[in-house]
Amino acid sequence: MPCVGLIVNDGKELAVETALTLQSRLEQAGIEVVRASSSGGMVGFANPDQHLRLLGYNACVPEGFDASMALAIVLGGDGTVLSAARQTAPVQVPILTINTGHLGFLAEAYLADLDRVIEQVLNKQWTIEERCTLVVSVLRGDQCRWEALSLNEMALHREPLTSMCHFEVAIGRHAPVDISADGVILSTPTGSTAYALSAGGPVITPECPVLQLAPIAPHSLASRALVFSDQEPVTVFPATADRLMMVVDGSAGCYVWPEDRVLIRRSDHPVRFVRLADHEFFQVLRNKLGWGLPHVAKPDRP
């Protein structure tokens, strides 16, 4: 019997109701359904100065999810998709995203498309698009103190009421660079339309094999975002006396202390997105972020 996963944002009533409808219709068609909550992918915030439960990113995989699963349907907003990515990438289960949230930048379908979605799932009418992920590790000496998988970005920044930060960033074999800013963002192409975009970074199309380093509020006219090969590991050394906050995809993170370093590298586990139709990235940019809309001149004031 084919098996399909359901990953649901249990905090959204609409997502829960839709999950019940989907599960009923899939089971009537002879499909086994394994349901999980998206909260399982929300690692939360941890303090490396205290005892840390380091389980590795494989620990987020829900019970019953494995490589034999045909796909997992994700019900929620973009935050739910980021959590689901962390839950499914280690076992390479493809995800079909249905938006029940707000922006839905990562959504493949909407509730109005539900009948079509079910039909295409049952008839196996879909393709797979892979998106790269990152492994983000906090290291102290030879010890890994914290680790998580990231689809969008890692952001390392100062706490409130503290001074501007200084970072030494080593990219692969290249000479380290010094950055003075409120923080730094290391993003994938998928994450280039998220926090990195707000920090002034460029939009990167998903198929480009690159990563992006973007400073947050840099205190320099010459400090700009940098795009480089995703084959290069990145190490960020805090050059500041204050502890810093690190947040990964908005739902995981920890404190980083002056004696720590953050290692970011491309993961061997991409997120596999189910596509029901040709995915036109520039159309998504236009519809969701207003990119390329024609300029309409404002009338002169009387």
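Quick reminder: no glycine exception, Cβ is built from N, Cα and C everywhere.
Swiss-Prot has this to say about the protein:
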type	residues	note
ACT_SITE	D78	active site, proton acceptor
BINDING	D78, G79, N152, E153, D182, T193, A194, Y195, A196, L197, S198, A217	NAD(+) binding site
Listed binding-site residues (A194, A196), ranked by Cβ neighbours within 10 Å, top entry
A196
Farthest-apart CA atoms of D78, G79, N152, E153, D182, T193, A194, Y195, A196, L197, S198, A217, residues recorded for NAD(+), distance in Å
26
Local Cβ density at the residue listed as 'active site, proton acceptor' - other Cβ atoms counted within 10 Å
21
Taking only the Cα atoms, work out how far N152 (NAD(+) binding site) lies from the residue listed as 'active site, proton acceptor', in Å, as a whole number.
11
Which one, from the binding-site residues N152, S198, has the smallest tally of other C-beta atoms lying within 10 Å of its C-beta?
S198
For the residue listed as 'active site, proton acceptor', the one of D182, A194, A196, S198 that lies nearest, given that the binding-site residues are compared by Cα:
A194
Cβ-Cβ neighbours of D182 (NAD(+) binding site) (radius 10 Å):
16
According to DSSP, N152 (NAD(+) binding site) sits in coil
Would you identify the secondary structure of S198 (NAD(+) binding site) according to DSSP, in three states?
helix
